[in-house]
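Reviewing the structure listed below.
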Amino acid sequence: MIQSPQPSQERAKRSSDYVDDVPLPPLRKPVYILLQDHDRAERLAQQLEFFGLGVHALATAEAFCAAMRGRLPAAIVMDVDFSGPGCGLLLAAQAQLGLDQAVPLLFFSLHETDTPTRLAAVRAGGQAFMTGTLEASSLLEKVEMLTNATQYDPFRVLIIDDSRTQALHTERVLNSAGMITRSLTEPIRAMAELADFQPDLIILDLYMPDCTGPELAKVIRHNDRYVSVPIIYLSAEDDLNKQLDAMSEGGDDFLTKPVRSRQLLTTVRNRAVRARHLKARMVRDSLTGLYNHTHILQLLEDCRLRARREQQPLSFAMLDIDHFKKINDRHGHPMGDRVIKSLALFLKQRLRKTDYIGRYGGEEFAIVLPNTPLSAAYKVLDEIRRRFAEIIYPAQPHDLHCTFSAGVVQLDQAHDALSMASAADEALYRAKHAGRNCVVRVDPA
Ligand SMILES: [Mg+2]
């Protein structure tokens, strides 16, 4: 489900998010789709609905204009020749006039096109161009890309400074630029705060009573997980030698107080952007963008500790695409990759923002569901399983359908991350033996 993280006072309620019924995700803004072949647009819309995306196939220019007046979509998919040769280009360009922010626009042409058409598409504000067979999962992938590009995921900055006044001032500057901050006046609590807050970047004071900034930087760097989190010193110290000493102890930058807001923001933003890129390469799988094997297990362990601390339920699931070898053998590896990517997208669309999804192995996925009891996790996964089986992959000589099997477990007293994973794997194995295309849950003894 797509849900924003909830404030802590609602924590008690969270465990029931999945319980009452299996809610479909609250749909994000819809996508408007306009093709010359309206039946095709309708079929595509239906396919995209399986991914949890709200899609309106619009049949006429008038219907499109009315829809645009009513509600701006997440994206527009427009056939260049909708309602006449080249008319789609014009219509899309007109629709963007007078908007505060352009709506992501994707052009489509049934046939391969010439450069002038593509140029016209760029001038009409098109951010992507697709030709040939429009397939739901590759279209969704494009839409995801375009809408994420315009989505802003705020940076998280941890400020460690014994002066509350200074920390508050820094927080205010960063907050004004939309960053999320937390400040800590007792450096001794830094490691717990890091684990809990998972900042993109740390701003560190040089002189504090319990320990110095460089000492703390060393402690932070001793933990593999935080080796690449940028540390920026912010201090009134203006002795260059002392600054350089501090920098050589695990720091990335040194800002001298008083610092201009703009300099602080630029430094923080540049460092944070680079750190995010680097981190994504370390923890994400390159085909699907999901977390990789190592990181999903790390996240499971983080969630396990939190679940214990907060006495909340935690579920964990393993999924495996059925007969995957056959798909590769019959249709080739590109089709196999497409199915893997489409299941990845499907899971991203269908699960909550607070759930963690990983690619565990070749065609195997792992999902961490915090604050979720087993019965609710089972229902959600079974609903996803049912829906996923309805997706059609255009292929020769016959269109392709795929299914997956899954095993799901809930955290119990004896579990650590690895034993929980192997219990889920065992349940998955049982699902395979029960004939595949099913979810097996392991109820606590
Ligand atoms: Mg100080």
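Our numbering is plain: 1 for the first residue shown, then up by one each step along the chain.
Backbone N, Cα and C define each Cβ position, glycine as well.
Listed in TrEMBL:
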DOMAIN    156-272  domain 'Response regulatory'
DOMAIN    312-444  domain 'GGDEF'
MOD_RES   D205  4-aspartylphosphate
REGION    1-20  region 'Disordered'
**Report entry** Same chain, 6+ residues apart, C-beta under 8 Å of the C-beta of the residue listed as '4-aspartylphosphate', given in sequence order
**Finding:** I160, D161, D162, S163, Q166, G213, Y233, L234, S235
Report summary line: According to DSSP, the residue listed as '4-aspartylphosphate' sits in coil
Query - Mean of pLDDT values spanning the domain 'GGDEF' (312-444) - result: 93
Query raised in the report: Which residue counts does DSSP yield for the domain 'Response regulatory' (156-272) in the helix, strand and coil classes, in that order?
Result: 57 helix, 23 strand, 37 coil
Report summary line: DSSP assigns the residues of the domain 'GGDEF' (312-444) as 58 helix, 32 strand, 43 coil
